[in-house]
Amino acid sequence: MTAAPIAVALDAPDLETAARWATLVTPHVSTVKVGLELYLRYGPDVVASVRGASRVQVFLDLKLHDIPATVRGAARAVARLKPSYLTVHAAGGPAMIRAAVEAAPSTKIAAVTVLTSLGDADLTAVGLAGPAPDAVRRLALLSVEAGAQALVCSPQE
């Protein structure tokens with residue numbers, strides 16, 4: 001059976017559960033996603049554990065957002081783990097996105113446009129004018145122009 005081009009989020013309570021879930025889904029999907037909470041709790045070991053013997057692609061969803069030099073260093077450190085994808089916040093700007101792309105050339109940098117938890121009032125409060133779909137389009141264009149190879153956004157946008 002060929003794995004479907006689907007990513008499954010491993011939002012598990014512990015490393016053992018995440019590894020077990022990864023083992024169960026990897027015959028059917030191409031990618032597993034490791035989020036910030038699991039990564040911070042278990043560190044780089046979580047990537048090796050969920051990848052296992054299957055060599056499934058790992059989508060490391062850390063949503064990096066800092067000055068370009070810091071994101072460059074973080075992306076370089078994460079690149080040693082060989083994730084297929086690493087997320088950054090598009091709102092960090094083109095220089096930050098470029099820094100991640102340059103620091104992790106073998107990893108696809110995925111730019112997160114607008115968090116689904118943010119409504120129009122929230123976007124205005126943080127300086128992203130206009131309704132969410134407009135902000136998503138602006139951030140998506142900025143991200144692609146800066147070298148991001150993938151985008152993360154709501155299916156409504």
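Using N, Cα and C of the backbone, Cβ positions are placed for all residues, glycine too.
The active site, for OMPdecase activity annotation in TrEMBL covers Asp61, Lys63, Asp66. Positions annotated as substrate binding site by TrEMBL: Asp11, Lys33, Thr116. What TrEMBL lists as domain 'Orotidine 5'-phosphate decarboxylase' is 5-157.
Using Cα positions, the member of the active-site residues Asp61, Lys63, Asp66 nearest to Lys33 (substrate binding site) is identified as Asp61. Geometry remark: Asp66 (active site, for OMPdecase activity) versus Thr116 (substrate binding site), CA distance 20 Å. Asp61 (active site, for OMPdecase activity) falls within a strand when secondary structure is assigned with DSSP. Counted within 10 Å of its Cβ, the other Cβ atoms near Lys63 (active site, for OMPdecase activity) come to 17, all protein chains included. Counting only same-chain residues six or more apart in sequence, the Cβ atoms lying under 8 angstroms from the Cβ of Asp11 (substrate binding site) belong to Gly35, Glu37, Leu38. In this structure, Thr116 (substrate binding site) belongs to neither helix nor strand by DSSP; it is coil. Considering other CB atoms within 10 Å as the measure, the emptiest surroundings among the active-site residues Asp61, Asp66 are those of Asp66. In the three-state DSSP reading, Asp66 (active site, for OMPdecase activity) counts as coil. For the pair Asp61 (active site, for OMPdecase activity) and Thr116 (substrate binding site), the C-alpha distance works out to 15 angstrom. Residues Asp11, Lys33, Thr116 are listed as the substrate binders, and the farthest two of them sit 17 Å apart at their Cα atoms.
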